[in-house]
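Under the heading transmembrane segment, TrEMBL lists B:28-50, B:70-93, B:105-121, B:127-149, B:161-181, B:201-227, B:257-277, B:297-319, B:340-360.
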Amino acid sequence: MDLLLTFIQKAIGQGIAILFGATGEIVTEKSGNLNLGIPGIMYMGGISGLMGAFFYEKNVANPIPLIGLFISFLMTFIVSALGGFIYSFLTITLRANQNVVGLALTTFGVGFGNFFGGSISKLAGGVGQISVKTTAAAFRASVPVLNKIPIIGDLLFSYGFLTYLAIIISLSMTYFLKHTRKGLNLRAVGEDPATADAAGINVTRYKYSATVMGAAIAGLGGLYFVMEYYGGTWSNNGFGDRGWLAIALVILALWNPNNAIWGSFLFGGLYILYIYLPGLTRATQELCKMLPYLVTIVVLIISSKRNKHESQPPSSLGKAYFREER
Amino acid sequence: MSKDIVLLNKEPFIRMVKRDSITTVKAWFIRMIAVILALIVAALVIVAITKQNPIEVYLGMIDGAVGSKRRLWVTIREILAMLCIAVGLTPAFKMKFWNIGAEGQILMGGTAAAAFMIYFSDKLPSGILLIVIIIVSSIAGLIWGIIPAFFKAYFNTNETLFTLMLNYVAMQIVTFCIVFWENPTGSNTVGIINSATKAGWFPSLFGNVYGLNVVLVLLLTTAIAIYMKYSKHGYEISVVGESEFTAEYAGINVKKVILRTMMVSGAICGFAGSLIVSGASHTISTSTAGGRGFTAIIVAWMAKFNPIAMILVSALLIFMQQGSVQIATQFGLNENASDIITGIIIFFLIGCEFFINYQVELRKKSKEGK
């Protein structure tokens, strides 16, 4: 029982970073932009939050956890939105190819993260690893009182606030996309920008804001990872391929943020399943780590084979829209 | 409402007009400006971070990339690997099949090469072993390429996401194999394979360790350039790329073209795997592909599939990468600085294509024209 409880807790812990990324990517893809730069943006978000907290804690004698939290949150938000802006500017205004820009942004972002993560403490004149214990503790603080309830407390209330924020964002994004005028407009832009344009929707503005917002949300996944999961330190490439898993989760969730919530827990579980499955050898462990990707491929094939309208990617996904070229 | 009408009557301040044509000289001039601007921006970033003289930093880069004979050849070797992958991706992209799975196809090819180096080094004479290695690694890449192509052709499964996922499956296959191949035991790395016998290694040619790499890659590049430009297959690929419907009306079997082209594309990427494993590193790890599969996409796209341009673009990017490794050690930064600089250059190069394809007109100017 204890083992199962730990497994679920760890699975959720793994899943939240992916959930932020997937929710951000869903919002982006709904505007017709396939942003393959999300993995890079998550690195950028993570490191900038960490740097914000680092410089705050370094320059203030008695850092107040809440201010550190606020600064790092803001830094992450701004820098990842900036990443989304670079992507938007190149693909929407300069009409460059989305896949190429996305991949370039990922190269850039991962390099950005590892570069600053590896050398920021040295550049600032210190030695060793960056560590922002005070701020990280604020991120890691779980729900008071409620977390003391046996089992339920561990299962539901033992996480930092970003976990709940991730779920709230996903739920509200689903509501936004399905039940608000702006959300419907956004989906129209993603499905058929020419028709949306004819209906008087400002396609460029929707594409920009969805991509920038999506990037900012995804960046929080990086922040979650360095703060709550790592406890305020950096390890090069530590974030690994979770950014790509986030893009995979978009497929699994069939472009619905609500599905992404349970999907992220499933992915988190699959990601660490090899630790908990008894009787695995070192070799079979490696095969077990393939599971999240194989599951995604199967979902991708099934959903394309069933060809159901609701479970398809937005039809203009990956295509640029130029008004003159209709 | 009336405000909207006023806005509609107004001509926008800036207008983008598609250019009918642009001279090659002008196009390359614009690209040169982009590269120079990128280098300036990168220099500003370097100064901001390191507080070093940027000219010194760039001199350090040149020294790192081509400063000695050994460094020069390592740079050439890396350019060749990048070129080979970009060439492999070309047929797929020309068909508008977004194969971002080169990474996985390289890894599968590399794994096959490593497997034959390990298991057949004492069973086959070295000349035959090398030929076998090249063939099996191409087949391994081919298989990895044909899986997403099959589902694309028959179920219209999104190939971008499919090939992306296959990269990570391939990566796990590599770590799976490393468990059996690790040397020394417990190191979790394969080490240099056949370091004593050199079985399955590319032999020196013209007295140079990488001579064979040069010959093979240049032959392959020429062959694919001819294949794309002058063969019936190449023509079919570009028709399918332009419009699947047109292709169907013209009596082209679209499914067959998709499958065949991805076989070619995957096989070349698989071959690139053997080029890296038996022609360069002589080992295998999850970083054997090392992001080359992704960078090659950018190379192929920016070069517009022109083989000469592909050589230039890969040379530029590899030059920056190799140079950055040097300045990293020289100035005590870490080697990821190269990714930042590469990223900046790519952003500028991608962005400048817009100014090659479009002309920006200000409002006043366009009115005078009328």
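Using the three backbone atoms N, Cα and C, a Cβ is placed for every residue, glycine included.
A contact links the transmembrane segment (B:297-319) to the transmembrane segment (B:70-93), because at least 3 Cβ pairs that are 6 or more residues apart lie under 8 A. Here the listed stretches are B:70-93, B:105-121, B:201-227, B:257-277, B:340-360, and the one with the most C-beta pairs under 8 angstroms to the transmembrane segment (B:28-50) is B:340-360. Within the chain carrying the transmembrane segment (B:340-360), a Cβ under 8 angstroms from the stretch's Cβ atoms is held by residues 14-19, 22, 27, 30-31, 33-35, 37-39, 41-42, 45-46, 295, 298, 302, 313, 316-317, 320-321, 324, all 6 or more beyond its ends.
When Cβ distances are compared across the two stretches, the transmembrane segment (B:105-121) makes no contact with the transmembrane segment (B:201-227), since fewer than 3 pairs at least 6 residues apart fall below 8 angstroms.
The stretch with the most CB contacts under 8 Å to the transmembrane segment (B:201-227), chosen from B:70-93, B:127-149, B:161-181, B:257-277, is B:70-93.
Outside the transmembrane segment (B:70-93), and at least 6 residues removed from its termini, the chain residues within Cβ reach (under 8 Å) are 64, 99, 102, 105-106, 145, 208-210, 213-214, 217, 220-221, 224, 227-228, 234, 237, 261-262, 264-269, 271-272, 275-276, 279-280, 292-293, 295-297, 299-301, 303, 305, 307, 310-311, 314-315, 317-319, 321-322. For the transmembrane segment (B:257-277), the list of distant contacts is 80-81, 84-85, 87-92, 95, 97, 99, 102, 105-114, 117, 133-134, 137-146, 148-150, 152-153, 213, 216-217, 220, 224, 227, 233, 236-237, 240, 247, 283-284, 288-289, 292-293: same-chain residues at least six beyond its ends, Cβ to Cβ under 8 Å.
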